[in-house]
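Down below is the structure, laid out as structure tokens.
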Amino acid sequence: MTNIRKTHPLLKIVNHSLIDLPAPSNISAWWNFGSLLGLCLMIQILTGLFLAMHYTSDTLTAFSSVTHICRDVNYGWLIRYLHANGASMFFICLYMHVGRGIYYGSYTYLETWNIGIILLFAVMATAFMGYVLPWGQMSFWGATVITNLLSASPYIGTTLVEWIWGGFSVDKATLTRFFAFHFILPFIIAALVMVHLLFLHETGSNNPSGIPSDSDKIPFHPYYTIKDALGFLVLILLLLLLVLFSPDLLGDPDNYTPANPLNTPPHIKPEWYFLFAYAILRSIPNKLGGVLALVMSILVLAIIPLLHMSKQRSMMFRPISQVLFWILVADLLTLTWIGGQPVEHPFITIGQVASILYFSIILIFMPLASLIENKILKW
């Protein structure tokens, strides 16, 4: 008799995705981040569900309800900080996952890559709306500043912003709809993840060498299930260290002050994981230009497959591209630092140089390096 996991209509899908899936024998720890992102999403949905049971999306009570969760609900403080810091872990894994894709040329799987970009946008939108919900100072002013960027759209800008606000400023209507969207989006993300995996399993995983691994496959279970389990342990350990020892390390103290439309905080800045994009936005003195640069900072990922000039898929054996890649990583860290600094000399200049360098590396230097490396192959 054939094993039920191979015949049952539902178990068959699980079997082909997680058990009998043929996987390359040489994928490194950089391939762990996909499953870690799945774990992060599950943690966020679960903790978010329990938070939603006690949260009220009303301007008068939102801040108090979050305080109530932390003080009066059993382990409410744990759920709240797991959710807040879980978002940070989510973005760390996201950026590592995207970085791995760029380094090892995984972007040549076009459908998987493009769904991944849509997922990145969806997660960023969810995180932004989630940050508004506690209704602290940074929640309110962050929402005001970021939604206001849409007013840069020609002709329809102002109408568009007021339509999103549900009024003439960020108020009760805005908070209520942000809560609704923040609740529904993770489930849309989960559905997109299924599509992401569907496309990935059409081609199979890439591997560090970038060479097709059809001749040497191993079953996903037990080899990569145990490897993923180790990744889960490390992620949970790091998350708990953060939550139990310094839960407010990555947050903004201003968000412990209830939202006040009459008092603007001295430095309006988003959570750390958006600072690189925020720095790019601020480095352009024109509003529309800044918004376009902000969108392009992520959308540029969609252009990367078109700029792949190399005869090799992975950067494993391409030293010039490797150097450029790590300069890009350093540049993103620089942008993250600049995004958290006030708009004054010398930070303005550093931000502008880092922004130009970011786009130059991706759009100009990396394709050029690939062409040079192609020439070197013939020497």
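Just so you know, glycine gets a Cβ as well, placed from its N, Cα and C.
Under the three-state DSSP scheme, His83 (heme b b562 binding site) falls in the helix class. Here Swiss-Prot flags His83, His182 as heme b b562 binding site, drawing on similarity to another entry.
Swiss-Prot lists His97, His196 with the feature heme b b566 binding site. DSSP assigns His196 (heme b b566 binding site) to a helix.
Secondary structure at His201 (ubiquinone binding site), as computed by DSSP, is helix. Among the features that Swiss-Prot reports, ubiquinone binding site is placed at His201, with the record citing similarity to another entry.
Positions annotated as transmembrane segment by Swiss-Prot, on the basis of similarity to another entry: 33-53 (among others).
The transmembrane segment annotation in Swiss-Prot covers 77-98 (among others).
Residues or ranges marked as transmembrane segment by Swiss-Prot: 113-133 (among others).
If you look up Swiss-Prot, you'll see 178-198 (among others) marked as transmembrane segment.
As annotated by Swiss-Prot, transmembrane segment applies to 226-246 (among others), with the evidence given as similarity to another entry.
Long-range neighbours of the transmembrane segment (288-308) within the same chain, counting only residues 6 or more positions beyond its ends whose Cβ lies under 8 Å from a Cβ of the stretch, are 98, 102, 105, 107-108, 110, 113-114, 117, 120-121, 124, 149-150, 152-154, 276-278, 280-282, 355, 358-359, 362-363, 366-367, 370. The transmembrane segment annotation in Swiss-Prot covers 288-308 (among others).
Per Swiss-Prot, the feature transmembrane segment maps to 320-340 (among others).
For 347-367 (among others), the entry in Swiss-Prot reads transmembrane segment. Within the chain carrying the transmembrane segment (347-367), a Cβ under 8 angstroms from the stretch's Cβ atoms is held by residues 279-280, 282-284, 293, 296-297, 300, 303-304, 307-309, 321, 324-325, 327-328, 331-332, 334-335, 338-339, 341, all 6 or more beyond its ends.
Across the fold, the C-alpha of His201 (ubiquinone binding site) and the C-alpha of His97 (heme b b566 binding site) stand 17 Å from each other. The 10 Å shell around the Cβ of His83 (heme b b562 binding site) contains 21 further Cβ atoms across the protein chains shown.
Between the alpha carbons (Cα) of His83 (heme b b562 binding site) and His97 (heme b b566 binding site) lies a span of roughly 21 Å.
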